[in-house]
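Reading through the structure tokens given below for one structure.
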Ligand SMILES: Nc1ncnc2c1ncn2[C@@H]1O[C@H](COP(=O)(O)OP(=O)(O)OP(=O)(O)O)[C@@H](O)[C@H]1O
Ligand SMILES: [Mg+2]
């Protein structure tokens, strides 16, 4: 790695090429500098830890989204899954002991993801359709189980979770630590584990994968299940932060997750993308929201800016592939 | 600008091109007269495809000059090239799988025509064109459902239009059997008679001597000169290509072929293809050739055994024990390997690096229990194979899509040759590979056989299949029609069986 960076710098136009190649990190750094210059509140620890807390939930589902997108699929259900699973977790926290509530929520998330995985891998349903259907089902179930209103944590277990989610360790919000650990886990799995190799192989040529003796269906199934389990983790975090589970949570989060993955340079055709770049994508989206808030820009113009940044990032990636 | 009275239709002079820091062509000249068939030869990665892609507008030259009928041209994209009358059959298939044959053939004209298309007429025209070429393909069929041979024919039909002045064929015959090749040549002679200039790229030197008038040889991006075919011979051309003499194209083998078959199939019949009642066995260390015409069911048989197609009936024995291979995963589990003939769609992962391509079939040697990869071992394995197969690439981290066709083929092979197999099916092992590298591949196949693997090679290349096999099976209409022991090997015998006749 070090060598290639050196080579890139030494060749003519090298710095420019380097910046284009690592454009996500580049955009991220520019945004940080820009934010720091424009607002003196930005670099305060309160603001930064708020920022991290805000992005952790979406960040976790973005990692699941990345793994699915690497196979050439998509998971539209994650936002609604967060709602359903947050409600589920709130109900469980109020009925069983905390460790069991956590484990059960994750298992349920995994199982719901498995449904999408089953439809895509074994019933050959288009991922867009299968997860679109699950998206409305999950949202609907969320409302049914919660009877349409938020369920508050009422037990000591719930209190513990709420404390955990709102506190920091060594200055870093606990939930951000959870998010970072998941990013590191994904990075290791994608880079150094056979799992990642095969997921990427499937996304770049499914037929060649099949004829290489890869268990294509197994991996396609697994990625949705993992995405479900990560949605459960995100749900636990966001519910704990607010001390309740609501069927309105995670609204349109799937779109933010897709945006983060794409800003991170992944290809929706599959086969291309990394966890670290998705992390950058998540942080970039979060930063934009953060700085616009600090500047008191209302939410509608914020959306316009966000969209603009997505287009800009993807345009930069076009240069890279040239 | 005045049209000079140049005797050449196409003149490419002093062409240079580099991709990034890698220089691919340096000061290359290529001149072709009207009505001439001009062969372009060179090793894998010599720059042949790049040169013709510059002519057609896929790539842009860094320097040099191109003239067509004396007029300087600079096609910036393939559309401009087409308008100028330059048609190319590219090395890699570039058809749209979900469109019909007819739609593909007229695809490049659709944009230019009026809003509504007369599909019926287009289909009729396409059918007429294909019929006139002497091949049998339904113009209304979806391209996805065609065999690779048929796809190649469609590719050729697509390149032929009324205003073609220069036709470029980049290794058009790699999937063709001798009868297809003859049909293609008849067509080329007709085009030549019409005054069309043809640039013909191939690694089959015998073809060059059958059809070409003159040849240009590239070596490492530099042209070593052009000459009339009459003034040279195969050895002369090879010397120019690889810079040395080639002793044995088919290296001698001294393998102890086992007595007991390692693998046997009995009465294998497919559910969805024409393959039926296939029975044969292969012994450890043996190289078994399967010959036959395109469409005779060779690839389908291999895919059937490998579990990529569905079986209806029949049994398979591995080391005497019955096995089932309902999916490729099962087949690989039983240590059966399969190298596909269709490297772009089924063989390699174009967007991934050479290292990732080669490792994908075999993590056992390089990863631990939990699936974590030992990158040191991985590099060692991959670099070893790159070396062994003389894959021409700056490093193992280059994406396969940036390799020349022949080098991609070597990657597809390397993927399987590092795996411990009991039986391996290799469909067209040297498709698009240059003469020098062919020898490397044959050596490697021999090495695999020496380990006691049963090797089954499918090939349309007659000299190749006779050169490397211990025994040849000939398929006809979906089943094995005849078997030839080594002393009965001859082109004539293979051909007779291939068309359903008995030996004389
Ligand atoms: N888009 C590209 N980017 C970088 N390198 C490339 C690209 N296309 C081709 N090359 C390199 O250029 C060289 C020449 O490739 P080219 O495809 O012209 O060879 P060729 O003579 O047609 O070989 P073959 O007989 O194997 O088809 C190769 O080393 C190849 O790796
Ligand atoms: Mg080529």
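A Cβ is built for glycine as well, from the same backbone N, Cα and C atoms used for every other residue.
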Segment assigned the feature transmembrane segment in TrEMBL (from A:25-46, A:245-266): A:25-46
Contacting positions for the transmembrane segment (A:128-146) when only residues 6+ beyond its ends and CB under 8 Å are counted: 74-77, 79-81, 83-84, 86-88, 90-91, 112, 115-116, 119-120, 224, 245-247, 254
Candidates A:97-121, A:170-190, A:275-294; stretch with most C-beta pairs under 8 Å toward the transmembrane segment (A:221-239): A:97-121
Contacting positions for the transmembrane segment (A:170-190) when only residues 6+ beyond its ends and CB under 8 Å are counted: 45, 49, 52-53, 55-57, 59-60, 63, 66-67, 70, 164, 196, 199-200, 230, 233, 237, 240-241, 274-276, 278-279
Intrachain residues whose Cβ lies under 8 Å of the transmembrane segment (A:58-91), provided they are six or more past its termini: 101-102, 104-105, 108-109, 112-113, 116, 120, 127-128, 131-132, 134-139, 141-142, 145-146, 150-153, 158, 178-179, 182-183, 186, 190, 199-200, 202-203, 206, 219-220, 223-224, 226-239, 244-258, 260-261, 264, 266-273, 275, 278-279, 281-282, 285-286
